[in-house]
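For reference, the structure is listed below as structure tokens.
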């Protein structure tokens, strides 16, 4: 294997300038959703093709910035900070949402949507430590092929599940507010669970390519986790990559948000025409905030992902992607911890429910603590053995023990 950006022969075909350091900046296998597929595709997938192009960062080995750090190091720091924040907030916030919606609130259709969205984000953030380790090791994957595939699969499935649940939430909001009679007849908890099962099934099906193409490879004393299309024909590899990006962008972003926008516009029109017969509740406003946050977090990523397809044709585009892609993927991936914050900031009912649940837990804990202390004191009192009856003395006071009163009596 040649070093320093030299071509690498792999399985009898040319693998062009695959840099693990670059693969990490854009290919950390735990980037959210398209994250994995997207991030590493931006580096390693292009490295799988035989057409003539250069990888991100191959123009300059050490590009210094004004603060003394290379661009590579700056991207590493940003990635680690974003991963760490998302992990802490995501585990805590989504864990609380799961606990409240699953155990502390009445089971409704709305709570089922929120529960499944929180589960998708919670499972994703649980895999973030693998990404943090990957970046800290300068993009050396030390967890084996199975975890490489599983980590990528979970990330991509999270992206699809999140946006599809948002679409269902938006459609359900429109139906429940505009078509009341149909909603009252057909909108039920068990039907919501059936829809959730379908969403998870579709998300898993769309994520299967990561299980098929994800691979590990030793490169420059490192092991990288990347999409290995592993075909002799470079054109076929390019077609597979383009197909994955187009499907991910269309099904994971454009089509769901088209449906969300259409239902949102129709709902706004209905509200303005209804003379207050239709109004937006606090929950509906919360849903709007969640949808807006998802769009803002994911739109840059999908934009750069499409730009990446023509990266090799423009040196300027290469430079833009080299800086923009890690920032866009970090932002997309940060969306995993945003929803619980929005529930707290926008949703009045969620705030009240969470406050009541926390108070109930505090009261229950204090009650159990008080009962435990009382039980301990009772056991301690029962263990006190009666003192021996002292001998009578004319000069000393007589001490007697009253069993009924459970205390010592002094007769002077």
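Yeah, the Cβs are placed from backbone N, Cα and C, and that goes for glycine too.
Note on TrEMBL: of 327-346, 347-366, 367-386, 387-406, the range annotated with the feature transmembrane segment is 327-346.
Among the residue ranges 270-288, 289-307, the one that TrEMBL annotates as transmembrane segment is 289-307. When TrEMBL is compared with the stretches 53-76, 77-100, the one noted as transmembrane segment is 77-100. Your range for transmembrane segment, going by TrEMBL and the list 192-213, 214-235, is 192-213.
Checking TrEMBL for transmembrane segment across the ranges 152-171, 172-191 points to 152-171.
In TrEMBL, the feature transmembrane segment is placed on 250-269, out of the ranges 30-49, 250-269. Of the candidate ranges 7-27, 112-132, TrEMBL annotates residues 112-132 with the feature transmembrane segment. By the Cβ criterion (distance under 8 Å, sequence gap of 6 or more), the transmembrane segment (250-269) is not counted as touching the transmembrane segment (327-346), fewer than 3 such pairs being found. As a whole-number mean, the pLDDT of the domain 'G-protein coupled receptors family 1 profile' (93-343) in this prediction is 87. Here the transmembrane segment (112-132) lies next to the transmembrane segment (327-346) in space: the count of CB pairs under 8 Å, restricted to residues six or more apart, reaches at least 3.
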